[in-house]
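Notes to accompany the following structure.
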Amino acid sequence: VQYVQSCFVFHSFLLESSVPLKPVFIKQPGSIVFPLHPNDPSREVTFSCEAQGYPPPSYRWKMNDTFISPWPGSRYRFSGGNLHISQLSKEEDVGIYQCLSSNSFGTILSREASLHIAYLEDFKTQRRSPVRVREGQGVVLLCGPPPHMGELTFTWIFNEYPSFVKQDNRRFVSQKTGNLYIAKVEPSDVGNYTCVVTNLVTKSRVQGPPTLLVLRSDGIMGEYEPKIEVQFPEALSVAKGLTVKLECFALGNPVPAISWRRVDGAPFPRKVDVSRASSVLEIPYFQQEDAGQYECVAENSRGRNMVKGKLSFYAPPHLLERPQDTQKAIDDSLVWECKASGKPKPSYKWLKNGDPLEAFEDRMQVVNGALSISSLTLSDTGMYQCVAENRYGRVFANAELKVNAVAPDFSDSVLKAQTLARQGGDVLIECRPRMSPRGMISWRKGKEALRESHRYQSCFMCTHPVKMARLGSASLRSTYVSRWSQTDRAPTKVTWNATSTKIILKWDQVKALENESDVMGYKVIYKQSRHNRQSVVETNRTSLELALPVHEEYIIQIKAVSEGGEGRSSTLITIPRIAGLCLYF
């Protein structure tokens, strides 16, 4: 029998053209519990993995974070994106598996999938000694299930099959231990008892050796207070949406009555069920409000005893905010938000092309899940994944970053062929090409390069010598008369504020004087205190977002920029290093 895990199909479409496309999973591996039968020669499983993309993606697989390398004749085989494992071994193959899909855009990791092998071995073939008790005494008959993996259920045969022990307020079979508990032995209980163990995954069943229960002849047991033999843990974590069953049973004479309550006094919701003569408390679809301390009370005429246990709620991570595919220009900044719910609160890490971003450069920071990268370069292009995890699971969110290099292009900023101006007056001709990375703007009169603060009347050419010569250049022509003068004013009222993931700078707009060129934008020049290299960000707004200064303080100045050049710098401001993750203002 070959087992293929179920997979989730997120989305798919027919790839009809050769348009370049990043890898996107349409099938991801799911966890497998393989039922192992001793006499089954076919022990093979298949993990499915499929991604769309162009060029067509290639695939690799990891087991427990180690790459799988099939060789001819090995038990591992790749078929497309699928992983086939034959001749399964519970000693070698149990673990966590993950698929990696790659093409020229980068690499992404699938969710993790576990492989467990369910089995049930036989009881040891040995006899068990008789158990001798007085009438009225309580007794525990041990099951001692054999080695196994997978959920078990327990029943007991009384004397001969198909006579099974019926559970009531006096007799209880624990589904945790498999043991049979008799609160108060009666003469009718004398006989042979056999534990029957069933594996719900493999559907296999084994019987233990019989245990003979015998009454002693030296008298009847007197009355005594309850002694709780079956109790639930003092602390138990329960996943959101699961069903939890708490067991509680006591020996005693008279037979104890079992009752349940919440320690905080809150009533049980209607979904809570008490079964098997009050020995099992069942809470289906566990939620946050079900967490708390629970108490089991065993009571008879001779006294009462109680046990308490605390149920804690947990939830694996669930993504609330995902990063989106982004295109940026060289030297731009990037901030990607990534948020997930979960209990305990998830931690975050980021991957680029399947590898952890651990040794962060100064220009890369991760704060509260948000990834920020300043001064983007072409090498930052790739596939990124945010990983949110707690001890109960992890989730992945994928996004592509494209850092573009664009030759100067004037198609969106066409100059007028002729501009009229009053003699002795001022005129402005804008030169705003689309380009990446940002370069220098120069003006020429014919073939003569012009300097700032001259008066002109002729034909001029605006050119942009881009940083990367291979991208080329572009030009536009216009006839005009102009008197150039940069603004002499500096930005004022520079303020800053901080969120949990970024710094927000603000300043007042600089207005040009009568003989000055209009302000086109601003340059924000900043560096970290112990580094000489400055970073420059240009903007046409009076605000800017920067990554938090987690490692070192920022030193920042701002200049207004006009066609006439750069204005005076603002007063230097220093933003201290922010070590905390939450700031309040």
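Note that Cβ sites are derived from N, Cα and C of the backbone, with glycine treated the same way.
Now, the feature entries from TrEMBL:
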{"type": "DOMAIN", "residues": "23-116", "note": "domain 'Ig-like'"}
{"type": "DOMAIN", "residues": "121-207", "note": "domain 'Ig-like'"}
{"type": "DOMAIN", "residues": "226-312", "note": "domain 'Ig-like'"}
{"type": "DOMAIN", "residues": "317-404", "note": "domain 'Ig-like'"}
{"type": "DOMAIN", "residues": "490-581", "note": "domain 'Fibronectin type-III'"}
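Comparing 23-116, 121-207, 226-312, 317-404 for CB pairs under 8 angstroms to the domain 'Fibronectin type-III' (490-581), the maximum falls on 317-404. Secondary structure counts, DSSP: the domain 'Ig-like' (23-116) has 0 helix, 52 strand, 42 coil.
Summed and averaged per residue, pLDDT over the domain 'Ig-like' (121-207) gives 95.
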